[in-house]
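Database features (TrEMBL):
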{"type": "REGION", "residues": "1-57", "note": "region 'Disordered'"}
{"type": "COMPBIAS", "residues": "10-24", "note": "compositional bias 'Polar residues'"}
{"type": "COMPBIAS", "residues": "37-47", "note": "compositional bias 'Pro residues'"}
{"type": "COMPBIAS", "residues": "48-57", "note": "compositional bias 'Polar residues'"}
{"type": "TRANSMEM", "residues": "72-94", "note": "transmembrane segment"}
{"type": "TRANSMEM", "residues": "144-167", "note": "transmembrane segment"}
{"type": "TRANSMEM", "residues": "174-195", "note": "transmembrane segment"}
{"type": "TRANSMEM", "residues": "210-234", "note": "transmembrane segment"}
{"type": "TRANSMEM", "residues": "255-281", "note": "transmembrane segment"}
{"type": "TRANSMEM", "residues": "310-332", "note": "transmembrane segment"}
{"type": "TRANSMEM", "residues": "458-478", "note": "transmembrane segment"}
{"type": "TRANSMEM", "residues": "490-510", "note": "transmembrane segment"}
Amino acid sequence: MGSTEEDTTTSKPTSLYDAASSTEPLLFKPTTGSAYPSPPIEEPPQSGPSESDPTQSLQISFNYGPRPFKDLPFLILFLLFVLCTFAFGIFSIFHRNDNYSNVSAFTYDSNSTSCVQDTSFLSSQLWVSETSFFALSSSSLWTYLVWTLVITSVLSVPICLLLLLLLKHYTKQIVYVLLPFFIIMPVFFDVYWFVACTLSSSCSDAFPLVYRILVFVFILLIVGVIVWIIVANWHRIELTVRIIGVASDALSRNLGLFLVIPLLTVGLLAYYASIVVFLVFSRFNGKIVAKESNGEYTCVWKQDSWVPAYFTLAILTMLWSLTSMVEAQVYVTSGTIAQWYFSKDDTKPHRGIRRSLRNAFGPSSGTICLSGLLVFVVRVVRAAVDSAREEDVPGIVNLVLRCCVNALMSAIDFLNKFTINFAAITGEAYCTSARMTYELLRRNLLSAVFVETVSTRLLAGVIFVFSSVYAIAVCAILKGVSDLGVNMYTVAALAWVLLILVLGFFVHVLDNVIDTVYICYAIDKDRGEVYKHEVHDVYFQLPISRNSRSSYPSRTLDV
């Protein structure tokens, strides 16, 4: 298990299954003569119903061996969407009509009964456009904004690494020091905005005193909710701090993820850029025709009939690609962290990230596409339900339908919670991974839905404080070196948004690490082994923390 070479790890008794039996189901105890490896704790053979007891220990671990392709129909369907999008996009480029942007330059010619172009009008419009562009480019606000965002992008990398280092070594100190700022910072910005808007004549004219008071009180109510959340979860903060520390340590031992995961995002943006170009050029497919109205003819643009259908196809492909890429990032993170977890020593596994990437975009690509499709469908259906709720359509049938849809969407989220994490470890298909994850957690009295959301809230508060301090520093620097006036607040706000997005991405990766370590701990508990003692020292308290008022006994791992 602790070996890093592919040819040796597959023969270890702690692997999930041998290559010859990789297609066999994982939910049943291996029988005599099976290709499964024998369990680490040998039990005397029993006869009768006990041989098929599903509660017996299962041989689940990271599958280093060759993995068969799973969920291929969904991969083929996804590739079909992508190929059609690119094929029609390339066709739209070569079939475009360059006169699309010059419709106003065409006039109806009664002699030829067609629309002809007015060249003098086109020249004047081009000159005006170029003049406006150069005027915009010379704006000092634009210059300061670009430089601020570029510097923020560069500084976001060391800020993320610094935050990871602090969370690894000083998690408790960081959390307890920043907890008061979760309240102080919103109150400070609320009071500062209220006073500044009252003293500014333009702001006070735009926002009357009644509206300013309403916004001021609303922000204070939000702060009150934050205080209530902190007080209600105070007994879980100590455990949450330890969970964050363990996850930060695991992530720090696999720093290559900070390069791979952003590169996957950059690849998605490049992929999106090509589709956006296709969408732009698809609008150029059509012709200028004469339209008669009340006896008068005008020149209008008539779009080809296939363009709206292509827009729908391209948008669906982009949304499916987005959710699939998010699931692929979760897969790569989970596979890499699992290899580190199941290594006996603390050294980073050799070619761990490369192996996870090869599995994600190879044998498990269909599983990722299926998971992305389910997430995409859930988001679309929930958006439709929320839209219907806002319209407040009366009727008991509509209410029952909304309840049924919400229950179905919650069930899908329930199944999808740890499915990709488990698939990254075992290489199993989506449905098998969902069923196996549920049974694994149920057998070990662990929650099938990991509701330790305090860690996410604490991390969100931490990145909010970091980003706010950075925005204040940017505002102070701009006030000293520029004459932007009130525009410096806009530049500082955009820098705050950019940094909080980058740090939010960091928190997303850390959340995936927390979920992966949780699944690895469940596998350890199921097998009766301990690969990472520091993880067991923290995660075994989770059932006690969340079920302190229930009848579940306090259980520790017998080693």
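Yeah, the Cβs are placed from backbone N, Cα and C, and that goes for glycine too.
Heads up, TrEMBL stuff is auto-annotated, nobody curated it.
Here the transmembrane segment (490-510) touches the transmembrane segment (144-167). Their Cβ atoms form 3 or more pairs under 8 Å, with each pair 6 or more residues apart.
Using the rule of three or more Cβ pairs under 8 Å, pairs at least 6 apart in sequence, the transmembrane segment (144-167) is in contact with the transmembrane segment (458-478). Spatially, the transmembrane segment (72-94) is adjacent to the transmembrane segment (310-332); three or more Cβ-Cβ distances between them are under 8 Å for residues at least 6 apart in sequence. Within its own chain, the transmembrane segment (255-281) is flanked in space by residues 85-86, 88-90, 92-93, 96, 160-161, 311, 314, 317-318, 321-322, 325, 328-329, 332-333, 336, 353, 357, 505, 509, which lie at least six positions past its ends and keep a Cβ under 8 Å from the stretch.
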